[in-house]
Amino acid sequence: MNAVDVVLWVVLPYVALTVFVLGHVWRWRTDQFGWTTHTTQLLESRWLRLGAPLFHLGLLLAIGGHAIGLLVPKAWTEALGVSEHTYHIVALGGGVLAAVLVVSGLVLLLARRLVNGRVRRTTTRMDKVLYLVLSAVIAFGTGGTVGRNLLGCGYDYRETIAVWFRGIFWFHPEPRLMVDVPLVFQLHALSALVLFGLWPFTRLVHVWSVPVAYLWRPYVLYRHRRPRLSASARPGAVGDGRRGA
Ligand code: HEM
């Protein structure tokens, strides 16, 4: 282990997480009107209707998988009687499904931005940086799951990456655990850290404003500003008191 390893696996995570937290505070205090998805649904909705649910459904599945794979220690699942083999099959099934959904959704969303002139023109420089980093995170994650764990010789990330990841939050990071991790997983984790650092300055802030209250709030009722005139009171109607021409 050398100084570069310490920078990559200790300094970078803390810098990224500090920028993540303080960046959100700054954004909330200075730009609440910009705290939105900046949706382009009005410009194009056909591709979006398919790409957005595929992408978000896949990501939800991947987030669930990350929560179990990275946050739950291997000893706990073993204590619950989940064998390594069973864990591997479930993680691989869910992971591959998540990867297929996320990648197909992302390809549709990216193609829509490139092909549709109106959507392309609303794409800011920051959006482009975000799409690039997000694509890298997803490509390396999928490379690890599909390339290494499905088609390759497999890799037990719960012994290394997961322990390193949890150590960051206990303020006891162990960079040595990441040194011999396969490159594709190293690049996945590093690009994810860059994404966390960028997050508060992009449209990704909309993630914290999911309108879940829509599920139980009362219906919105639209009413005419002026009370509607009854049929007999409309101008020109028989008996409205006015003379016809
Ligand atoms: C430092 C943070 C992260 C770490 C340590 C990490 C680690 C991993 C690992 C170990 C896998 C392989 C899982 C398996 O084969 O079962 C994986 C896959 C994946 N990751 Fe991450 N990841 C991180 C952040 C992210 C983020 C922020 C995203 C999305 C924006 C993401 C998206 C994916 C996807 C799409 C896959 C493939 C599907 C899956 O297996 O769930 N990851 N990641």
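The count begins at 1 with the first shown residue.
Glycine too: its Cβ is placed from the backbone N, Cα and C atoms.
TrEMBL lists His56, His188, His206 with the feature heme b 1 binding site. The feature heme b 2 binding site is assigned by TrEMBL to His66. The domain 'NarG-like' annotation in TrEMBL covers 6-225. Annotation comment: TrEMBL describes 6-26, 47-69, 89-109, 129-147, 183-216 as transmembrane segment.
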The transmembrane segment (183-216) touching the transmembrane segment (6-26) per 3+ Cβ pairs under 8 Å rule: yes
His66 (heme b 2 binding site) versus His206 (heme b 1 binding site) - Cα distance in angstrom: 21
Residue with minimal Cβ packing [other Cβ atoms within 10 Å] among the binding-site residues His188, His206: His206
Packing count at His56 (heme b 1 binding site) (other Cβ atoms within 10 Å of its Cβ): 15
Distant-in-sequence neighbours of the transmembrane segment (47-69), which means Cβ under 8 A and at least six residues beyond its ends: 40-41, 91, 94-95, 97-109, 111-112, 116, 141, 157-158, 162
Neighbour tally for His66 (heme b 2 binding site), based on other Cβ positions within 10 Å of its Cβ: 16
His188 (heme b 1 binding site) versus His66 (heme b 2 binding site) - Cα distance in angstrom: 13
For the transmembrane segment (129-147), distant same-chain residues with Cβ under 8 A (at least six beyond the ends): 62, 92, 95-96, 98-99, 102-103, 106, 110, 113, 155, 157, 182, 184-185, 187-188, 191-192, 194-195, 198, 202-204
Farthest-apart CA atoms of His56, His188, His206, residues recorded for heme b 1, distance in Å: 23
Where His66 (heme b 2 binding site) falls in three-state DSSP terms: helix
Confidence summary for the domain 'NarG-like' (6-225), mean pLDDT rounded: 93
